[in-house]
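Heads up, the thing below is written out as structure tokens.
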Amino acid sequence: MTTLNLSFYSAFTLSSLGLAFHRTHLISALLCLESIILSIYVALSIWPIQMQAASPTLLPILILTFSACEAGTGLALLVASTRTHGSDHLHNFNLLQC
Amino acid sequence: MEISLLLNTSMLLTLLIILTPILMPLMTMTPCPPTSITHYVKTAFLTSLIPTTLFMYSGVESITSNWEWKFIQNFKIPISLKMDLYSTTFLSIALFVTWSILQFALWYMASEPHITKFFSYLLTFLAMMLLLTSANNMFLLFIGWEGVGIMSFLLIGWWYARAEANTAALQAILYNRIGDIGLILSLAWLASTLNTWEIQQTIHHTQTPTLPLLGLILAATGKSAQFGLHPWLPAAMEGPTPVSALLHSSTMVVAGIFLLIRTHPMLANNQTALTLCLCLGALSTLFAATCALTQNDIKKIIAFSTSSQLGLMMVTIGLNLPQLAFLHISTHAFFKAMLFLCSGSIIHNLNGEQDIRKMGGLQNTLPITTTCLTIGNLALMGTPFLAGFYSKDLIIENLNTSYLNSWALLTTLLATSFTATYSLRLTIMVQTGSTRSPSISPINENNPTILNPIIRLAIGSVMAGLIISSLITPSKTPPMTMPFTTKMAAILVTAMGAILALELSNMTRTLTTPKQNPYSNFSVSLGYFNPLIHRLSSTNLLNSGQKIATQLIDLSWYKKIGPEGLANLQQTSSKMSTSIHKGLIKSYLSTFALTILIIMATL
């Protein structure tokens, strides 16, 4: 595959694995989530240029919108968990198990 | 004068004379006393001799159709009465026997406060029975059939304060009802297939289908107490002795056999039905005779003897000889009614004692009654040239010379010898030997009200066989030639049974106590039939009813298939998925890693 594809795939994979394997702090997971969105944004921006098609040019703007909402929600969850549990450690959420 | 007009008129006059004591009190509001009811029946008997002699003189038969019920467009039900051999002869015999029984009942039920009601019940029964025998279509026959069933119920439970009497009456109704299902099946088949209920129109030239014949045989099994639906007849002895004498010996129980005689053209060409009748009759006669061997109640012995003779009549139907069966019905009525009247006289004189082990030596104190008892027993056994001989010996000769099931033949011969045994046992224990009854009861037979009926029936028992068989023309030629042993077969087995009874009675006199063995237990407990069937069949029926009603409909259809079943299904899946939802973030995040790995694998 081309260099561009490889860079996009590897960025996405590394970010997802980072989301899965960061066990300590919630903020590291949120950061990885942001990098997933970033890699998708970059891929969506490059794609219409490569395909020479003009219609999907709108998509990165939509992704940005959703990413902003999502980041806001994630940070709100971070603040809420810090307020109730005192820190953003992920093992606090294990108290939800039945 | 026109003979058929005379026949019809005298027949209808007889029936009107019978109906008058029932209808007059309804219209004039004055009850009819029992003695005048007896006179009515005597007049009716004398009037009924006119159609009988007319028939025997000229052989004229007629059918009278009165009003017609226009049921639906092409199915009309007339009220038609048929006067042929069976109808006219049975009319005279039934009226003769009823007259004697009513006269006897004047003495037997003299202390009964509701004696008028008793007599009117007996008269209603008689009217229903005569309707049954003179009916030409199945509809009238069914009305008479149900009528005699209802009157039997009312009369068996006459002393309704007795629990056993009520149970016996209910038992009679239940068993008769099972037979009625067969009759209704035949009626429905006839109405739907042949579009008629007239018996003349039901004759097939080819083989009749077996289904309606099975229905008729079931009806006869129920009404005439063949094996399988027989327990009601010995239980029906709970009624007063006149009831036993009229209903359950001469008249009602022969209604089933009479039905088969009337519909005999349908039966004649279906060999399956005939063989079924033969084997059923043979089984009934043997079973009843076996049960009668060890009974100790005098009325029950005579009841089982009736059941055995009914089996013999069924055997005759199975031999395709309806006229001979009718001859046996006629002669049997005389001596069986007389046996019941004698037993009633003995019971009343011994102040209510019915156990033959507590009777003895009555030959000296009740000479006329015991003489007639002996005559009746001899006639029952088929002693040559008494009444029973002309029918019973002919039946056994026909049985021996026919091409039929040999098991039926052997059982009938065995039952004939048993007949001799229990009749002789009855005679010996009641009449001879030392007196085993308490000596307080005043025994006399001075009353002509009791003597005249018994003597009249005794004369009938002696002469009726000869008179009836010489006045009617047989429809089938009797067998004329057979080997000597075959000819003597009936008398030989009877003699063997009698000798056996004499030998056994010697044993009782010498105080040889009988040991219990399986055969005597079988006979005493009536073949274990009653407890087995009464408990098993009702348990099975009620159990299956409960299964259908409660478990199938209520629990299954309304609950399991509907709301409860759905809830159960959801519960199962929830239980399964609860174990997966652990609430651990680690496992949730690991699913992301799994997804990435899968995506990597597809690239």
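Positions of Cβ are set from backbone N, Cα and C atoms, glycine also.
Caution: TrEMBL annotation is automatic and unverified by curators.
According to TrEMBL, the feature transmembrane segment maps to residues B:583-602, out of the candidate ranges B:303-322, B:583-602. Mean pLDDT for the domain 'NADH dehydrogenase subunit 5 C-terminal' (B:422-602) in this predicted model: 85.
Contact check: the transmembrane segment (B:407-428) against the transmembrane segment (B:273-294) gives at least three Cβ pairs closer than 8 Å, residues 6 or more apart, which meets the contact criterion. Per DSSP, the secondary structure of the domain 'NADH-Ubiquinone oxidoreductase (complex I) chain 5 N-terminal' (B:69-119) breaks down as 29 helix, 13 strand, 9 coil.
Using a Cβ-Cβ cut-off under 8 Å and counting only residues 6 or more beyond its ends in the same chain, the transmembrane segment (B:118-135) has close neighbours at 11, 15, 18-19, 21-22, 25, 32, 34, 37-38, 40-41, 80-83, 86-87, 90-91, 94-95, 98, 101-102, 105, 109, 112, 141, 143-145, 147-148, 151-152, 154-155, 158, 240, 242-243, 246-247, 251-252, 255, 258.
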